[in-house]
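The structure appears right after this line, and notes come after that.
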Amino acid sequence: MSETEFHHGAQAGLELLRSSNSPTSASQSAGMTVTDQAFVTLATNDIYCQGALVLGQSLRRHRLTRKLVVLITPQVSSLLRVILSKVFDEVIEVNLIDSADYIHLAFLKRPELGLTLTKLHCWTLTHYSKCVFLDADTLVLSNVDELFDRGEFSAAPDPGWPDCFNSGVFVFQPSLHTHKLLLQHAMEHGSFDGADQGLLNSFFRNWSTTDIHKHLPFIYNLSSNTMYTYSPAFKQFGSSAKVVHFLGSMKPWNYKYNPQSGSVLEQGSASSSQHQAAFLHLWWTVYQNNVLPLYKSVQAGEARASPGHTLCHSDVGGPCADSASGVGEPCENSTPSAGVPCANSPLGSNQPAQGLPEPTQIVDETLSLPEGRRSEDMIACPETETPAVITCDPLSQPSPQPADFTETETILQPANKVESVSSEETFEPSQELPAEALRDPSLQDALEVDLAVSVSQISIEEKVKELSPEEERRKWEEGRIDYMGKDAFARIQEKLDRFLQ
């Protein structure tokens, strides 16, 4: 298939985005919210938080009627937790080490599945009757509330092997019983691909043959970079895509973006197709318009509104407390860290955000938004009914994870530059900064990403900080072990093998 054919399909998809802001149901137009159902995602570090923020804002752009929940690991920095809480209704920390015995045991037996076991934690959100999980590297192009009409376990076929489903988007029903069965399956059988997709496919092994209604249409999990062999079908149905999935090692945040020309600069030698460049342009448009302003509002201390979302530490295998619980209730089933009591932090709504370090590195401060862009067009989070922010765990210092960046850059022009789509409704920020975050003098050091914003370029890069042996030992003694990165099982095994040789 030629690049021209892909080009036309991507253009059709962009046309869909232009017209996708209108209400799609009576409940949406009436502003109704289903409080016992939620969209769920996972962010394991500050880099993936960028994807989660874009995903959350893309969902809010299309007037979702369900709650938004993000699971995070202890590696996520204090500042990113604050910003996530401005978009998501619940920010829930998942700490496998401090979890219930059956979770801890599964992790000890299968340390290589640490990230997979973290994702499986979504089944413990039993204060919701049904959820839709979306990976942090997905982008929603239109309202997808109809996914909640599907049953467990509904997912789209994987483009590489259609008899298997892709676990980037799936419908599930939270259940502690199912969660235990999944962990038992992980301990006994592992994962044939070393990740959650292999484990879930072997657990729900009858998905391909049992119930066709649990096969989501491909438009709910369209890979942005797959070379589809049936080009007429892509041209015919590509414009109906509702969720784009950025599969592969190169994620949207690994590129650089020129806000003036709308071009994407690739950090590598490989060249992306025209249709992928168009989807990358969409991702960066949401990031520029709806995520960067959140950093700026935190930096300026402008996030003053009614108390908002829940910052919850869920680490014992039970369901996290309902975010709508009354004031004064501790976080249900939470385990406070040693020496720090689980407390309901007062917000101090009249306190300005003094002393908050800058979260971004401004290369050129003369331009923060493209010419003609109004601040009213930015989407923040809607007001919620939650009476207070509940924090049941101190915001911990993350551990750095080295990133691999090459110097070669290739400029990718978008297939069709799109005027940024502004929502018909503008939401004002409603999340107050937690008092701990405002008093933390090391927020800038804790942030594990460098955001460079200038007239001609926006980039996201992971900080690389080498720790001394003393600092590494102190981290281990404090229980802050980077199981997803430097301290991953595979890397420890490599060191042991070298030592024994």
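Yeah, the Cβs are placed from backbone N, Cα and C, and that goes for glycine too.
The following features are taken from Swiss-Prot:
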BINDING   Leu42, Thr44, Asn45, Tyr48, Arg110, Asp135, Ala136, Asp137, His245, Gly248, Lys251  UDP binding site
BINDING   Leu42, 44-45, Tyr48, Arg110, Lys119, 135-137, 166-167, Asp193, 196-197, Gly248, Lys251  UDP-alpha-D-glucose binding site
SITE      Lys119  site 'Important for catalytic activity'
BINDING   Asp135, Asp137, His245  Mn(2+) binding site
CARBOHYD  Tyr228  O-linked glycosylation site
MOD_RES   Ser368  phosphoserine
MOD_RES   Ser399  phosphoserine
MOD_RES   Ser459  phosphoserine
From Lys119, Asp135, Asp137, Asp196, Ser459: recorded positions whose CA lies within 10 A of Lys251 (UDP binding site): Asp137
Spatial neighbours of Asp135 (UDP-alpha-D-glucose binding site) that are distant in sequence (at least 6 apart) but have CB under 8 A: Thr41, Leu42, Ser167, Gly168, Val169, His245
Least surrounded among the binding-site residues, given as Arg110, His245, when other CB atoms within 10 Å are counted: Arg110
Between Ala136 (UDP binding site) and Lys119 (site 'Important for catalytic activity'), the C-alpha gap once rounded to whole angstrom: 11
Spatial neighbours of Lys119 (site 'Important for catalytic activity'), counting only the binding-site residues Asn45, Arg110, Asp137, Gly248 and Cα distances within 10 Å: none
Which listed residue (Lys119, Lys251) has most other Cβ within 10 Å, given these are recorded positions: Lys119
Recorded positions: Asn45, Ser167, Ser459 - member with fewest neighbouring CB atoms within 10 Å: Ser459
C-beta crowding around Asp196 (UDP-alpha-D-glucose binding site), within 10 angstroms: 24
